[in-house]
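J.: The Zn(2+) binding site annotation in TrEMBL covers Cys85, Cys88, His133, His184. Look at TrEMBL and you will find 119-196 tagged as domain 'Galactose-1-phosphate uridyl transferase N-terminal'. If you look up TrEMBL, you'll see His186 marked as active site, tele-UMP-histidine intermediate. Here TrEMBL flags 205-309 as domain 'Galactose-1-phosphate uridyl transferase C-terminal'.
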Amino acid sequence: MTVSETGGGTLDHRNSLRTSVRLADDRELIYFDDEPGHDRTAPDLRSLPPLRPRSELRLDPVMGEWVVMAAHRQDRTHLPAQSECPLCPSTGGRRSEIPAADYHVVTFENRFPSLGGPPAGGRCEVVCFTGDHDSSFALLPDRRLDTVARAWTDRTAELNRLPGTEYVFVFENRGVEIGTTLHHPHGQIYAYPFVPAAPARALEMARRYRAEQGSCLFCSIVAAERAGERVVARSDRFVAFVPEAARWPYEVHIYPYGHVGGLPDLDPGERSELMVLYRDVLRRFDRLFDAPAPYIAHLQQAPARVDAGLAHLSVRVFTPRRAEGKLKYLAASESGAGAFINDVLPEEAARRLRAAG
């Protein structure tokens, strides 16, 4: 039932920081603990039918992009009351997705995955950052940030090794404005059986830049931005800035100064530094309009099998909130023509975010 943090052997669960168990329908759940000494042997006592997702991939012949058909997700849980939250710890007679009565960080296979099963393949996992239903990523203490980083790194490396995985995508959607269906603080990880359009396009631009300039596109962007007026915050080894051609009113990219392909390439100290800076950006978003900000955040990392040398790790986060009580929507220009229109100059957005620190 249990494995070590590195997956290299079996340990007593009370001395492990990583414990893998199976849920009632045979999905994998992994506990990642802040410190050893926690009992993670509670069984899943629910009666669940086997998971049989049947997603389908269809190629758009006009755009040359894959579209995932996942009709089984129509029945997924939608904004339940806190007393029925499937991501809270199990207590008393109420059984949730997490059998333990408390937890630090957990990842588990999604019961309503966008990907998975024949013929599409792939895998979707949920990442719960805390057992506290009313918390948020911006409120996590440093130690928990390290545990989340450990979980993200573990899953990135392991999912990259799965046959058929081409790209691992770590992300968080927060807020009903974004379309989140569960309030509990959580994110997700998708193991795509293809490289999605956005990272594929970025890698193509990086390939062209290297052919023309002989250097890394992303390293050049970091060098140009790290001392400029669009910087929001920085640390010894990372910089957070509003990109010059930001698509959203408040959009921040976080890059390492050095050329790093993904989370597994960072040492624990670097991961800690990245997470603290990322939390700082999220707190600035919340302070900007003196209210919890809806946002989408994701990691851009190297693909599993191709172009690893071209990729450059980044964390990207944006809020659709353009002003107090106003949201930016993807209207005809963005959705139909693919041309974004931004109502806030990136330099002004950076100034406001710096002031919100």
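Glycine residues also receive a Cβ, built from the backbone N, Cα and C atoms like all the rest.
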J.: Measure from the CA atom of Cys85 (Zn(2+) binding site) to the CA atom of the residue listed as 'active site, tele-UMP-histidine intermediate' and give the result in Å, rounded to a whole number.
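T.: For the residue listed as 'active site, tele-UMP-histidine intermediate' versus Cys85 (Zn(2+) binding site), the Cα atoms are 12 Å apart.
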J.: Counting only residues 6+ away in sequence within the same chain, which have a CB under 8 Å from the CB of Cys85 (Zn(2+) binding site)?
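T.: Set apart from Cys85 (Zn(2+) binding site) by at least 6 residues yet with Cβ under 8 Å, we have Ser96, His133, Leu182, His183, His184.
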J.: At 10 angstroms around each C-beta, which of the recorded positions His133, His186 has the fewest other C-beta atoms nearby?
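T.: Among the recorded positions His133, His186, the sparsest Cβ neighbourhood within 10 Å belongs to His133.
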J.: Under DSSP, is His186 (active site, tele-UMP-histidine intermediate) helix, strand or coil?
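T.: DSSP assigns His186 (active site, tele-UMP-histidine intermediate) to strand.
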J.: With Cβ-Cβ distance below 8 Å and at least 6 positions apart along the chain, what are the contacts of Cys88 (Zn(2+) binding site)? List them in sequence order.
T.: Gln82, Ser96, Ile98, Gly131, His133, His184
J.: Measure the Cβ-based neighbour count of His184 (Zn(2+) binding site), defined as the other Cβ atoms within 10 Å of its Cβ.
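T.: Its Cβ shell of radius 10 Å holds 21 other Cβ atoms.
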J.: Taking the mean position of the Cβ atoms of Cys85, Cys88, His133, His184 as the Zn(2+) site, which residues outside that list, in the same chain, have a Cβ no more than 8 Å away, listed in sequence order?
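T.: What remains near the Cβ centre is Gln82, Pro86, Leu87, Ser96, Gly131, Leu182, His183.
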J.: Could you tell me how many residues in the domain 'Galactose-1-phosphate uridyl transferase N-terminal' (119-196) are helical, how many are strand and how many are coil under DSSP?
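T.: Tallied per class, the domain 'Galactose-1-phosphate uridyl transferase N-terminal' (119-196) gives 23 helix, 21 strand, 34 coil.
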